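Encoded as structure tokens, the structure appears first; notes follow it.
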């Protein structure tokens, strides 16, 4: 096997093992560590640390350690989070969440840098287009990586379904489930009851082992980047130091269109946080049991991936405005349905309809918002996507921060309000674009290849 391709596969399967653990743990935080809101507080700290990390750390860490060791060290930050869950408390989970957040941005930046260098190196040897080889390598990576969400959540559901705590949920307990949850800090006697310590430790042991294997795979099998390639990359990193990146991020806010896109970008964080934090706890765990959370996230992730591919290709025919409208209608419908619906374990399919439709709308928010940034700010992509990461992370932080303080229905009204504001400001952006280029559609030809933001996956 060609050496560069082997390195791409090593990174791909390393990320698969690492995020098999992380994706499962993230989905379970609001349910597994529900006491005093520890789980969602840890996620809020995690995304706050990620925000800071994205602005400052990647150039420094990659310059000092190189891509291989940046990946290995950053992966250890994820393993620390798994270990912190063994004895989940404010003194263990919050610090390890911050460590994970700080390691997240360097991990993804080093991965992107390594794949780019590997693709360029092979293209030079083979006399092929560097762009084509790099796209091929990224395609291989995401083909392998995207299965991590399914694997991680499937493992959690299969292990936690062995719990002996499962049983019939009384009507009295069901009154505290859904949009009008009781918000008392107590749990019902069945669905929300914490699984046995043995099952939790078994699950955490599997996740930790998966993370450790990922680190070992990188350390043992991933090649170092050649010195001349590393030197070239260091020059690029020095040219884009963290201060210049930081200042460019905020200078970009002088662009009126960027300011108008802030509500839309923040909404992406709000809506993802609601599904993984509030819906999973107050609907799935409360009414069905914690072992159903994994199946819910598999439903969401599977439909999301398929629709991301579909919308990426179909946007050239439909235009982005129609897709944004579709996503807004679907999200609004899901929120209103959840407000009116009282969870009933006998109607099992209904619990998966909302995550499924949410996956369709989230596919639009991710692919089309990323594409929109790339189209509008083609000459300032680095600063534009730094703003994207910043404001989406702010959305996550705010949503997780108030998660334990408000009843679910209030959070749904907030979600609807942010969505309405996002659609108004997005409409203003489209109006400005149409006004600046009369008689020509706003760059519809470029809409079909918008990348999905990977910082969501950490």
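Glycine residues also receive a Cβ, built from the backbone N, Cα and C atoms like all the rest.
All TrEMBL annotations are machine predictions without curation.
Just so it is clear, the model here is predicted, and its values are computed rather than measured.
What TrEMBL records for 39-57 (among others) is transmembrane segment. Distant neighbours of the transmembrane segment (39-57): 26, 28-33, 81, 88, 90, 93-94, 97-106, 242, 245-246, 249, 269, 273, 277, 386, 389-390, 393-394, 396-397, 400-401, 403-404, 455, 458; these residues of the same chain sit at least 6 beyond its ends, with a Cβ under 8 Å from one of its Cβ atoms.
Annotated transmembrane segment per TrEMBL: 69-88 (among others), in sequence order.
Per TrEMBL, the feature transmembrane segment maps to 94-117 (among others).
Summarising the annotation, TrEMBL assigns transmembrane segment to 137-160 (among others).
Here the transmembrane segment (198-222) has Cβ contacts under 8 Å with residues 6-7, 10-11, 13-18, 20-22, 24-25, 32, 68, 71-72, 75-76, 78-79, 82-83, 85-86, 152, 155-156, 159-160, 162-163 of the same chain, all six or more residues outside its ends. Residues or ranges marked as transmembrane segment in TrEMBL: 198-222 (among others).
Per TrEMBL, the feature transmembrane segment maps to 289-311 (among others). Sequence-distant contacts of the transmembrane segment (289-311), counting only residues of its own chain at least 6 positions beyond either end whose CB sits under 8 Å from a CB of the stretch, comprise 23-24, 27-28, 31-32, 146, 149-150, 152-158, 160-161, 163, 165-166, 190-192, 194-195, 275-276, 279-280, 323, 351-352, 355-356, 358-360, 362-364, 366-368, 452.
Annotation source TrEMBL lists transmembrane segment at 323-341 (among others). If one looks beyond the transmembrane segment (323-341) by at least 6 residues along the same chain, the residues whose Cβ comes under 8 Å of a Cβ in the stretch are 178-179, 271, 279, 283, 311, 314-315, 350, 354, 357-358, 360-362, 364-365, 368, 409, 412, 415-416, 419, 423, 426.
Here TrEMBL flags 410-429 (among others) as transmembrane segment.
Sequence annotations record features per position, and here TrEMBL assigns region 'Disordered' to 437-458.
According to TrEMBL, the compositional bias 'Basic and acidic residues' annotation covers 444-458.
Within the chain, the transmembrane segment (137-160) has long-range Cβ neighbours (under 8 A, six or more residues past its boundaries) at 4-5, 8-9, 11-13, 15-16, 18-25, 27-28, 111, 115, 118-119, 195, 199, 202-203, 206-207, 289-295, 297-298, 301-302, 305, 457.
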